[in-house]
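Asker: What Swiss-Prot shows for this protein is this:
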BINDING   41-42, Arg82, Arg86, 103-111, Arg136, Val160  substrate binding site
MOTIF     99-111  motif 'PRPP-binding'
Amino acid sequence: MRFKAELMNAPEMRRALYRIAHEIVEANKGTEGLALVGIHTRGIPLAHRIARFIAEFEGKEVPVGVLDITLYRDDLTEIGYRPQVRETRIPFDLTGKAIVLVDDVLYTGRTARAALDALIDLGRPRRIYLAVLVDRGHRELPIRADFVGKNVPTSRNEVVKVKVEEVDGEDRVELWEKEGA
């Protein structure tokens, strides 16, 4: 792959997540009954950051859970016979809560669909929102994000890479082009 552009640097990511945190609290009319669930892998640190921002300006802790969607994917046969299943840890009851699913990039909508299926198997939330750092378009399913850090129109031969300090050692969003495209 060939690097094309930096889409967001660390301060821009921070500002986008801070704005998303405010939008979540506004949409929910406060923090009552609110919880965040990060989708493996990079949705987890993003969810924790949003929760920290909410605690900063609201003075209330919002619970954060971790969701693995591996077994809910519709492309399991394409990713091999031994998919890497990771931990799902949701230390609170989902029933009656407003849940914000957090992911790094929204593309086809298939990850979000799998996350919805996994979440609903664990309880019956009052409402489910979707928050993403980057929405790159090209939906294959009728899914949209409620909270978006940045909309980035892309072509199908481009790849959006989100890097987070907790996983990758730096905060940055990059646009790459597939070779031979």
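Placed from the backbone N, Cα and C atoms, the Cβ positions cover glycine too.
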Asker: For the motif 'PRPP-binding' (99-111), what is the mean per-residue pLDDT, to the nearest integer?
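Answerer: For the motif 'PRPP-binding' (99-111), the model's average pLDDT rounds to 97.
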Asker: Which entry in the list of binding-site residues, Thr41, Thr111, has its Cβ near the fewest other Cβ atoms, using 10 Å as the limit?
Answerer: Thr41
Asker: Under a criterion of Cβ-Cβ distance under 8 Å and sequence separation of at least 6, what residues of the same chain contact Val105 (substrate binding site)?
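Answerer: Long-range Cβ contacts: Val132, Leu133, Val134, Asp135, Arg136, Val160, Val162.
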Asker: Including all protein chains shown, what's the count of other C-beta atoms within 10 A of the C-beta of Asp103 (substrate binding site)?
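Answerer: That number is 28.
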Asker: So, in DSSP terms, is Val160 (substrate binding site) helix, strand, or coil?
Answerer: strand
Asker: Can you count helix, strand and coil residues in the motif 'PRPP-binding' (99-111) using DSSP?
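Answerer: Summed by class, the stretch gives 2 helix, 8 strand, 3 coil.
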Asker: Just to confirm: which same-chain residues, 6+ apart in sequence, have a Cβ under 8 Å from the Cβ of Tyr107 (substrate binding site)?
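Answerer: Expected: Arg136, Gly137, His138, Arg139, Val160.
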Asker: With every protein chain in view, how many other Cβ atoms are within 10 Å of the Cβ of Gly109 (substrate binding site)?
Answerer: 18
Asker: Within 10 Å of the Cβ of Val160 (substrate binding site), how many other Cβ atoms are there?
Answerer: 21
